[in-house]
Amino acid sequence: MTALDTLERVETAEIEKPIMQDKQIARGVEKITKTVGVPLTENAKFGIRGVDVFYGEKQAVFNVDLDIAKNQVIAMIGPSGCGKSTFLRCLNRMNDTIDICRVSGSITLDGMDIYDKQLDVVPLRARVGMVFQKPNPFPKSIYENVAYGPKIHGLASRRSDLDEIVETSLKKAGLWNEVKDRLHAPGTGLSGGQQQRLCIARTIAVSPEVILMDEPCSALDPIATAKIEELIAELSENFTIAIVTHSMQQAARVSHRTAYFHMGRLVEVNDTEKVFTNPDHELTEAYITGRFG
């Protein structure tokens with residue numbers, strides 16, 4: 001039985017096990033002494049060790065150890081407020097923009113400490129791009145949306161080079177054929193799904209090594225979502241991708257590995273098929289079978 005078969009069975013059949021009560025969930029959290037499954041891997045692009053995240057005095061993420069493999073898709077799932085988006089933002093230091101946020105522990109990118117005090121975050125964020133929940137094209141033309149990053153980072157010395165980057169990025173984002181005859185039209189005039197693919201093209205244009213996606217399909221219709229999911233599969237051949245999603249079906253469709261977060265703890269990480277068909281932790285099983293959420 002595949003991961004998607006398991007989720008379809010859960011959706012269509014009556015759950016035999018009772019809904020987990022708050023006290024049961026709390027006891028389950030108390031039992032989390034370490035992440036189960038296979039949190040560490042070979043060929044790691046990111047190495048995360050002992051990461052804690054605080055907002056003021058409130059701790060949001062607890063002691064995460066995780067490797068993110070090169071040229072794979074890892075999906076991060078869990079209930080709302082479980083810390084998955086907070087953790088994702090640690091990977092390109094977007095949490096630096098929040099004054100009360102503090103990150104401790106170690107995060108390395110190809111062995112480089114990304115929290116080194118001497119590190120310039122601008123080139124880091126070029127290497128580790130991000131696509132947000134809501135499409136956010138610049139109030140510029142389609143062409144200028146994609147060209148902006150390469151201009152800022154000095155990646156094109158001639159107009160012809162810039163034209164090539166724009167075309168290549170739009171093709172990789174699966175958008176070129178839809179916009180090639182109107183490149184100077186406003187990016188904000190595109191449909192929601194097209195805007196999100198434009199944002200992906202904008203990210204690709206600066207030649208990142210990693211793409212972070214925070215709920216990239218939550219504001220899109222099913223057809224646009226399907227196009228984004230197809231795109232993720234294609235992009236994973238050349239990029240490392242970490243995606244936060246509330247859709248377990250989406251995680252099952254697009255990812256190689258899945259990480260389950262609960263109340264700031266990384267509960268379980270394993271191959272996606274294993275997580276959805278035979279999870280090792282009772283909290284993971286309870287979540288994917290709909291006993292709480």
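Yeah, the Cβs are placed from backbone N, Cα and C, and that goes for glycine too.
It should be emphasised that the depicted structure is a prediction, and the values quoted were computed from it without experimental measurement.
According to Swiss-Prot, the protein carries these features:
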DOMAIN    46-288  domain 'ABC transporter'
BINDING   GLY78, PRO79, SER80, GLY81, CYS82, GLY83, LYS84, SER85  ATP binding site
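In this structure, GLY81 is the one among the binding-site residues GLY78, PRO79, GLY81, GLY83 with the smallest number of other Cβ atoms inside 10 Å of its Cβ. Excluding GLY78, PRO79, SER80, GLY81, CYS82, GLY83, LYS84, SER85, which define the ATP site, the same chain contributes PHE261, HIS262 within 8 Å (Cβ to the Cβ centroid), listed in sequence order.
Within 10 Å of the C-beta of CYS82 (ATP binding site) we count 23 further C-beta atoms, all protein chains included.
Taking the binding-site residues SER80, SER85 in turn, the residue surrounded by the fewest other Cβ atoms inside 10 Å of its Cβ turns out to be SER80. Neighbour count (other Cβ atoms within 10 Å of the Cβ, all protein chains): 28 for LYS84 (ATP binding site). Confidence for the domain 'ABC transporter' (46-288), expressed as mean pLDDT, is 95.
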